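Asks: One structure, pasted below without further comment.
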Ligand SMILES: O=P(O)(O)OC[C@H]1O[C@H](O)[C@H](O)[C@@H](O)[C@@H]1O
């Protein structure tokens, strides 16, 4: 299982040369002026997701070299190794088979187990949704991969959720997360889902214990019926006192687990049929990723573009701007997916990498971000590629009628216009010359016109990608998430890193365990002066 690292491919040096000769001077405005076909040439339809890549600093020669780079790193073989279940998470000796969770029966490894687990989980979800279940509130307690995916999807698919059934997500060990949720609950009408792959996570166990204590104190009875677990550690869940555990396997990574029983709250919210549509959308993207030639392969193209920007242009972050309020948790979800997967500093053999890996991924739903940090995207000193996600048709649900429906439809047009305007503005910019010819009624009269024009000019040539969905539904969301998963796989595969472990979260956990008793005892012996000083202040 040894594949060449990107800098070992001849295309790497060729890309460095190409960057120096052409990439560094590339101008999007000139490219659009010179290439009438640029949009057609650089856009493509993948399953459920249309992508416009034309506003990126990329030309045919760049793509040629990036494709050579991918081939040099044996991307195709690496991809097959994942789909076939080889232990590509080699530091933990595990396969990486989230794709098997959404494969039709018989189409992927472990099919029988997967189908049986899915059927059991969906049947349980339907029983919770049934009118006679008596359940009104579902509290999902989990963190990281056992929280972000389900929470993001449930939020995104509100229009498909069962009315009257309330889903709550509690993740933080900070009691300010759990307490306000508990205030709204009736124990007799509440189901707690304790989600933890390992069932050892401090935050989740603490919240689960607190929830159980509240449940009993509030007069709840039959813990066995009101608490269930989703975990690959069924023994630990049983020890905790939970009788019903939906198990899964070590080859499902936490941040890739929403397709497994960790998706139980999704299934409870949207029902079995919609959950299957979510899986089907993801599988459609899996098939595209596996079969499409690299030049028409959207996850591959996005991953290659990430390499181009990170390693040749030196851009250190990427902003995600979903123009759909339902996707407001998508940036947080992507932060774990991408930064926990590819935030690595050594290659598979443990050698320090001579190049950058995961960019910082951040963002906010549009148009909100426009009124906050877009200033920096437009005029700041760093170039930050932006990924816009727009949804053509809104889904406000049947209860929205009459004048409200008309107004919301109009607001959707405004939303889309904003999305288009931002990528256009980033690209076009505004020269000092143009700014000089504009009226600037709010500018200070005491400044010279040239000074004002300089403040009002935009460098432009700032790259962005726009992803379009026809509508946000279970199938399209499944495809969108799988697109991101595979794009992260592509850049990780070329960087030659293990995208599927997360040792970087361990040190803080271990130090937390040793500091916890010290916060009680006040013992600061052997601590650095800063930690000791802060600990004493917190105890005072
Ligand atoms: O599902 P759990 O075992 O409780 O783990 C929850 C999360 O915590 C860990 O520290 C990892 O950083 C995440 O990858 C994981 O998703």
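In case you wondered, yes, glycine gets a Cβ from its N, Cα and C as well.
TrEMBL lists these features:
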ACT_SITE  340  active site, proton donor
ACT_SITE  371  active site
ACT_SITE  509  active site
Asks: Does DSSP put the residue listed as 'active site, proton donor' in a helix, in a strand, or in coil?
Replies: helix
Asks: Round to a whole number and give the Cα-to-Cα distance in Å for the pair residue 371 (active site) and the residue listed as 'active site, proton donor'.
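Replies: Approximately 29 Å lies between the Cα of residue 371 (active site) and that of the residue listed as 'active site, proton donor'.
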Asks: Measuring Cα to Cα, how many Å separate residue 509 (active site) from residue 340 (active site, proton donor)?
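Replies: A Cα-Cα distance of 15 Å.
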Asks: Let me check the 10 A CB neighbour count of the residue listed as 'active site, proton donor'. How many other CB atoms are there?
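Replies: Around the Cβ of the residue listed as 'active site, proton donor', 22 other Cβ atoms lie within 10 Å.
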